[in-house]
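As given in TrEMBL:
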DOMAIN    A:2-329  domain 'FAD dependent oxidoreductase'
BINDING   A:37-38, A:44-45, A:49-51, A:Val164, A:Thr182, A:312-317  FAD binding site
BINDING   A:Gln53, A:His217  D-dopa binding site
BINDING   A:Tyr228, A:Arg283, A:Gly313  D-serine binding site
Amino acid sequence: MRVAVIGAGVIGLSTALCIHEQFHGLVPSLELEVYADRRTPHTTSDVAAGLWQPYLSDHGNLQETLWNKETFDHLLGHLGSPAAKEMGLFLISGYNLFTQPVPDPSWKNIVLGFRNLTPKELELFPGYSHGWFNTALMLECRSYLPWLTQRLTQKGVKFFHKKVESFQEVSGAGVDVVINCTGVRAGELQPDPELQPGRGQVIKVLAPWVKHFIITHDIESGIYNSPYVIPGSEFTVLGGINQNGNWSEENSPQDHKTIWENCCRLLPALREAKIVEEWSGLRPVRPQVRLERESVRHGHCQAEVIHNYGHGGFGITIHWGCAMAAARLLGSILQERQAAGPPQPRL
Amino acid sequence: MAGPKVAVVGAGLIGLSTALCITETCPSCSVTVLSDQFSPNTTSDVAAGILIPHTYPDTPIHVQKQWFRETFSHLFAISNSAEASEAGIHLVSGWQIFKNTPKEQLPFWLDVVLGFRPMSEAELQKFPQHRFGQAFTTLKCDCPPYMLWLEKRLKASGVQICPRKVADLWELHSEYNIVVNCAGIGAHQLVGDKKLFPVRGQVLKVQAPWVKNFIREGDGLTYIYPGIDSVTLGGTREKDNWSLSPDPGTTQDIFDRCCSLEPSLRGAQVVKVKVGLRPSRQSVRLQREVLSQGGVKLPVVHNYGHGSGGFSVHWGTAKDAAYLVRECIAALQGSSSRAKL
């Protein structure tokens, strides 16, 4: 049974690992492969700061909230393990700031110590009248993706550094199930008008005195279009750009100015911070995550595809829950195959 | 009297902040800081500089609270300004945890720090051996940056900072009108204060930039304080131990205790081991005294004995010391005008 994962961002690699963990003992003939034209540190996941935090509202999408919780709990369980440092996993506390009252988020009981900000705390952030404080997790993909890659390599998973042009390319070559984790470019394999790039740009600086994340929100401009500051293990990430429909992966000087000025207004001491890197990335935005099976026909060929893409700006936040769900879908495919008996010759 | 000459003995946190407060409270003074040790070799440089007060048994609580409140307020403003990184002052959140629920669950300073509340069950799960905890956000003054920043502000105010070992406060009587004694643990020798005793603390400075929250055990023996360039792991509280040499067995013990609270520290590299002698006393000695010999008087203001609470109350005590200096000046001016009659 050959399973090919397309995509080596956080979704592709974690789905591959999850599948291996779930099935390698049960399906002796399982051969797992990962195909990707881009690998860490050049994936969309690498641009993200790595903060676990869903959007403000789940829009009634309880499934996504459950996947978020599953991911948080899974990561929390790894915190005390020796692997945590290598994974780029650690606890972090911080602030979400608003200019008006907002309802509590779906994730308030998932994170630790969620509470409203006190008036004195709000003095730190002139212009913001409400806010939250909580402790969450950081999962830095600069570390996590190499860690996942190493685990997978150790388990004998093969990596192919190439661009897959169609599902048939792999299914025609004998792959039984394709796991589509192609993120923002999923449309190249199969058109999906619901999938759009949400272009982001970030400036990485040296500001080791910053110990909290600070995410501001402007209900009008939309998520991540308002300044944010997220301290990592090495650099502090400054951001606040989310441009729907913009496919450019070039850094924009205008966006640089926007990020820099807004973040320095939020934290004046940032003016002393040394700028180290600047990156742009395309969030794979979709009204909801596409996580489902599909039998894709091409002539006489049929490919079993499991789609797992469209995680927008919360891929790291939701990744493990989705990986488990994708593995469950693979499980049902395996069960069907078993029930159906040996494969019929293809005409 | 034109420009009283004030000598501040001691260039630790207390000496520097007191000198600064004096320049602000008594602008006509000329202030000189005299010390045999300067940053990064003072007791203050060993401390993590976290603002969590120590309780002095013989100082009224309302006074301690006022000192802490003033210090917190003063540093809060700096941490929020463009100078924060140069001054080494930053906010840090974390947890104070207890193996057994303490008798006093609400400390006197709970409304001075930010967001103080008991830890939730979920938060306590991170510390399986601990039954109770408090979560809050406070400030940290990293040294040497904070000390260097104070020195910079002093020099900008025209304060002279001079290396000098003062063996006896009286030796200053001919050059200075008022002496401010901020000698810390040095006061044991300098003024023979037998109520002052060292509480030896050993700490490790480690590289663990992924640690963003502080963790402190309620008894103050084990703590993890993330700073700008390193994380301070501590510690010890050895009463009457005068040794300034790091002890390797203690280093291992501190490291192990901290790793049991924060397992990820196992991967951290120890960069430095330091020892400081907390200048401990039942109460901070913050008072005036007049030394006299042969009809000559020397007003002295004492400001020492801050023990483990130096950073937490330094600005409040520095301000009070500056007011006492002002009183000394008024007294001198009063007596000199009487002398003119």
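Cβ coordinates are placed from backbone N, Cα and C, and glycine is handled just like the others.
Automated prediction, rather than curation, is the source of TrEMBL annotations.
Overlay of TrEMBL annotations on the structure.
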{"residue": "A:Asp37", "record": "FAD binding site", "contacts (Cβ under 8 Å, 6+ apart)": "A:His161, A:Lys162, A:Lys163, A:Val164"}
{"residue": "A:Thr44", "record": "FAD binding site", "contacts (Cβ under 8 Å, 6+ apart)": "A:Gly9, A:Gly183, A:Val184, A:Gly281, A:Leu282, A:Arg283, A:Pro284, A:Gly315"}
{"residue": "A:Ala49", "record": "FAD binding site", "contacts (Cβ under 8 Å, 6+ apart)": "A:Met138, A:Glu140, A:Val202, A:Phe213, A:Ile230, A:Gly232, A:Val237, A:Gly239"}
{"residue": "A:Leu51", "record": "FAD binding site", "contacts (Cβ under 8 Å, 6+ apart)": "A:Ile92, A:Ala136, A:Leu137, A:Met138, A:Phe213, A:Ile215, A:Ile230, A:Ile316"}
{"residue": "A:Gln53", "record": "D-dopa binding site", "contacts (Cβ under 8 Å, 6+ apart)": "A:Asn96, A:Trp107, A:Val111, A:Ala136, A:Ile215, A:Phe314, A:Thr317"}
{"residue": "A:His217", "record": "D-dopa binding site", "contacts (Cβ under 8 Å, 6+ apart)": "A:Leu56, A:Asn96, A:Leu97, A:Phe98, A:Thr99, A:Val102, A:Ile223, A:Ser226"}
{"residue": "A:Tyr228", "record": "D-serine binding site", "contacts (Cβ under 8 Å, 6+ apart)": "A:Phe213, A:Ile214, A:Ile215, A:Thr216, A:Val237, A:Leu238, A:Gly239, A:Gly240, A:Cys263"}
{"residue": "A:Gly313", "record": "FAD binding site", "contacts (Cβ under 8 Å, 6+ apart)": "A:Ala48, A:Tyr55, A:Gly198, A:Gly200, A:Ile223, A:Tyr224, A:Asn242, A:Arg283, A:Val285"}
Same-chain residues at least 6 positions away from A:Thr182 (FAD binding site) with a Cβ under 8 Å from its Cβ, in sequence order, are A:Ile6, A:Gly7, A:Gly12, A:Glu188, A:Leu189, A:Tyr309
Would you work out the biggest C-alpha to C-alpha distance among A:Tyr228, A:Arg283, A:Gly313, the residues that bind D-serine according to the record, and give it in angstrom as a whole number?
-> 16
Using a 10 Å cut-off, grab the number of neighbouring Cβ atoms around the Cβ of A:Gly315 (FAD binding site), all chains included.
-> 26
When pLDDT is averaged across the domain 'FAD dependent oxidoreductase' (A:2-329), the result is 96
When DSSP states are folded down to helix, strand and coil, where does A:Gly315 (FAD binding site) land?
-> helix
Could you check the binding-site residues A:Arg283, A:Thr317 and say which one's CB has the most other CB atoms within 10 Å?
-> A:Thr317
Other than A:Tyr228, A:Arg283, A:Gly313, which residues of the same chain sit close to D-serine? List them in sequence order, counting a residue when its Cβ is within 8 Å of the Cβ centroid of the site.
-> A:Ala48, A:Gly198, A:Gly200, A:Ile223, A:Tyr224, A:Gly239, A:Asn242, A:Gly312, A:Phe314
